[in-house]
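According to Swiss-Prot, the S-adenosyl-L-methionine binding site annotation covers LEU64, GLY93, LEU112, SER113, PRO114, LEU115, THR116, PHE117.
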Amino acid sequence: MLNISHYKIIAIGKIKKKWIQEGIEMYLKRLPGLEVKEIKDSTQLKEEHTIKEIISKNEFLVTLNENGQSFTSKQLATKLLNSHNQNITFVIGGASGLSSSLNNLASWQLSLSPLTFPHEIARLLLIEQLYRAKAITQGGPYHKE
């Protein structure tokens, strides 16, 4: 079973759309222990500096990137389960994305889809996929084949 308390999301920018915020809150209630840190929009350099101050050296860093590795929901659940409860930090860029140097620091880069999404929707999708991964590893009814 996934231990969500080992996961953190660093997201650049505020959620402005109410319906997205409501969706995020719904999943966060189902994922107690998942930490979400929101960083103010700024230049990529300032955002990178802030992110580097937040993360620690023992964290497994995953950046969301359209060129990252794609997984099915079951593959993602398996990859997370095989991380053996490492502290995993997911980083979602703002409107300008993440700097290449920050992406290069990542242990791996994750693509949620070959499509490009606004950062607000990417945050909702990631949190939903973490909930789905937890349900898959628990054998719960949420994930349908």
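Backbone N, Cα and C define each Cβ position, glycine as well.
Since we're looking at a predicted model, the values are computed, not measured.
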(request) Determine the Cβ neighbour count for LEU115 (S-adenosyl-L-methionine binding site): the number of other Cβ atoms within 10 Å of its Cβ. (result) 8
(request) Please work out which residue of GLY93, PRO114 has the most C-beta neighbours within 10 angstroms of its C-beta, and give that one of the binding-site residues. (result) GLY93
(request) Using Cβ-Cβ distances, find the residues under 8 Å from LEU112 (S-adenosyl-L-methionine binding site) that belong to the same chain and are at least 6 apart in sequence, listing them in sequence order. (result) LEU64, ALA122, LEU125, LEU126, GLN129
(request) For the S-adenosyl-L-methionine site as recorded (LEU64, GLY93, LEU112, SER113, PRO114, LEU115, THR116, PHE117), determine the largest distance between any two Cα atoms, in Å, rounded to the nearest integer. (result) 16
(message) Neighbour count, 10 Å Cβ-Cβ cut-off, for PHE117 (S-adenosyl-L-methionine binding site): what number do you get?
(response) 15
(request) Might you list, by sequence position, any residue in that chain lying six or more from SER113 (S-adenosyl-L-methionine binding site) with a Cβ less than 8 Å away from its Cβ? (result) SER70, LEU125
(request) Using all protein chains in view, find how many other C-beta atoms are within 10 Å of the C-beta of THR116 (S-adenosyl-L-methionine binding site). (result) 10
(request) Going by DSSP, give the three-state secondary structure for LEU112 (S-adenosyl-L-methionine binding site). (result) coil
